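What TrEMBL annotates here:
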DOMAIN    249-330  domain 'RCK C-terminal'
SIGNAL    1-19  signal peptide
TRANSMEM  44-64  transmembrane segment
TRANSMEM  85-108  transmembrane segment
TRANSMEM  120-141  transmembrane segment
TRANSMEM  148-172  transmembrane segment
TRANSMEM  178-204  transmembrane segment
TRANSMEM  211-228  transmembrane segment
Amino acid sequence: MKKSFSPLVLLSAMASSLAADFVCKQFLGLEPAMSFKNVAVFPLKYYWLLLIMGVFVGISGMIFNKGLLKSQDIYGKLKKVPVEIKVAIPFLCAAVVGIMSPILLGGGYDLIISLVNEGFTLKILIIFLLIKFIFTFVSFGSGAPGGIFFPLLVLGALVGNIFGVIVCNAFGLPSEYIVNFIILAMAGHFAAIVKAPITGIILITEMTGSFEHMLALAFVVIVSYLTADILKVEAIYESLLERVLKNNKREAVLQRGSKTLIEVAVFMESIIEGKCLKDVDWSEDCLLVAIKRGDKEIIPKGNTKIESGDFLVVLVAEDRVSQVLDEIERIATKVVG
């Protein structure tokens, strides 16, 4: 999510995660919200099927992102419609879906467990997928409280289940591998939508409780991520953040004079690697305040040379963070040639 690693962020995140996990298990007695045990290792000879599935999962990620943003646009055009009426639309849809198939309501935890433990027909799975897509768009676009984390995992699980049923019937694979398709598609869907492949791999690895699936997970995640990238899919949370910033009153931000620091890593063979600071065309909306190089923090000067692995610490006005970050990442991470 942060797009780059720094020792401080990594250590802080690991320490807080370990402490939270210890407290939950030792003192609160909580179990993982979702886990898949005793999942068979997917055979290498069938990895070509994972390649195909990864492409479909990437396409599904594109549909999810574009559909989610489009639903916000549609609701945004209903300016004369009261907020209460907008929220009532998904409420009525939930009532209809609840009567027809209650398992499709909520975040989707029960549905994922049912996909793993029960066998649904291909027709039912396709209907579930279509309803879940539409219901998610209608609900989120209305502005009603709710998230997209579990819904995107559910949709990935449905895509994987549909693909698994089709290939198992077509090529005679044992039905036990359908679970593999489900969990692998969840990781791929997460990576394609959120554009956080490492997080997707770690997330599903923890759910399976085994590193035996790491190769298959990485393979599907990479294919899904690249497919989404080719289709020019932007990270959903960044897209939503940009919309929030645009909808807020920028005048209020400017009056407060609020500033924030952003940190960008310099990649090897990027546009600015090896250049002096004075030779770089920096945005007028930012100020480079420091360069982190290993354990050292360098005060930037005109003749300071930028090296790969450096972290640029930049001061930016809050209302320009997204634009400036995109511009700096373009010159700091884009490989020349």
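Including glycine, each Cβ sits where the backbone N, Cα and C put it.
Those TrEMBL annotations? Automatic predictions, nothing curated.
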- Message: Can the transmembrane segment (178-204) be said to touch the transmembrane segment (44-64) if we require at least 3 CB pairs below 8 Å and skip pairs under 6 apart in sequence?
- Response: yes
Between the transmembrane segment (211-228) and the transmembrane segment (85-108), do 3 or more CB pairs sit under 8 angstroms, pairs being 6 or more residues apart?
-> no
Spatial neighbours of the transmembrane segment (211-228) not adjacent in sequence (6+ beyond its ends, CB under 8 Å) are 39, 41-42, 47, 50-51, 53-55, 57-59, 61-62, 180, 183-185, 187-189, 191-193, 195, 197, 200-201, 204-205
Here the mean pLDDT of the domain 'RCK C-terminal' (249-330) is 82
With the cut-off at Cβ under 8 Å and a gap of six or more residues from its ends, the chain residues touching the transmembrane segment (120-141) are 63-64, 67-68, 70-72, 74-75, 89-90, 93-94, 97, 101, 104, 108, 111, 114, 148, 151, 154-155, 158-159, 161-162, 165-166
